[in-house]
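*Asks:* Sharing the features that TrEMBL gives for it:
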ACT_SITE  101  active site, proton donor
BINDING   18, 19, 20, 72, 171, 225, 226  FMN binding site
DOMAIN    16-280  domain 'DUS-like FMN-binding'
């Protein structure tokens, strides 16, 4: 099923956000098994992706079960973005332009939230990719943050829509905001102003949050990042990561996750609400897979419940 058909479903679509280092293939498989409808790759620098086969092999891994998947690029040049899009066409359901990252390095390089002040450039990147890839089921989208002036944000979104974007994701904060409340009213107004699907992002940690945001804003989908890291089963209604989710991640990771640090960090996030502080401190400082599995076998799982130690994490 295409991304647009999923977004047109009568229920609010549940989406795993692009996350640097974390929204990679093993984690995407896990969250799909626990109620997520669409997943994103981490943000990939389009220029390096186009120029280097090694970068492509390192930054983008997928398989036949990895869908619907959207590849997110950091891009600032229409030709480079369209070339990067062509390189992943046939391996994913769509591509997305990151116009929301507020990190200083990204903005200094002309990526992320820097782009929300350049609507014509964003529109040209969208239209350039649309001209190169005419498949109606392959989506071109953007993820933005709010400008200080909501009218300017609406105008930005309308220009992106007019350029041919299939949907827009809105993080309900400005680039300078971090912990301030998400502006749901702004997202609602943007949704009312457009004819394409809109996805809401920001402070979605539970299924109740997702349903509340959907009800208030009338958006077509909700996207979570930190909430999914802490609880990959959140869209199934769990208040914290259930044991079966932790066990399943270990099974997947032992087949598909080559990096111990990523494997360990995911478990650190998942177990944050399940381990008491003294045990959490010990677990967070473990240095290899064998120590992690031994700890979990002794302090978390029932006897013989933990998957056998094997696979690529090192």
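Glycine too: its Cβ is placed from the backbone N, Cα and C atoms.
Just so you know, TrEMBL annotations never went through curation; they're auto-generated.
What does the local environment look like for each feature on the list?
*Replies:* Residue 101 (active site, proton donor): 23 other CB atoms within 10 A of its CB, across all protein chains.
Cβ-based neighbour count (10 Å, all protein chains) for residue 19 (FMN binding site) stands at 19.
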*Asks:* So what sits near residue 225 (FMN binding site) in its own chain, CB-to-CB under 8 Å and at least six residues off in sequence?
*Replies:* 16, 17, 18, 19, 201
*Asks:* Of all the binding-site residues given, 171, 226, which residue's CB has the most CB neighbours within 10 A?
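*Replies:* Max Cβ neighbours within 10 Å, all protein chains included: 171.
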*Asks:* Tell me, if you would, which residue among 18, 20, 72 (binding-site residues) has the fewest other CB atoms within 10 Å in the structure shown?
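*Replies:* Result for the binding-site residues 18, 20, 72: minimum number of other Cβ atoms within 10 Å at 20.
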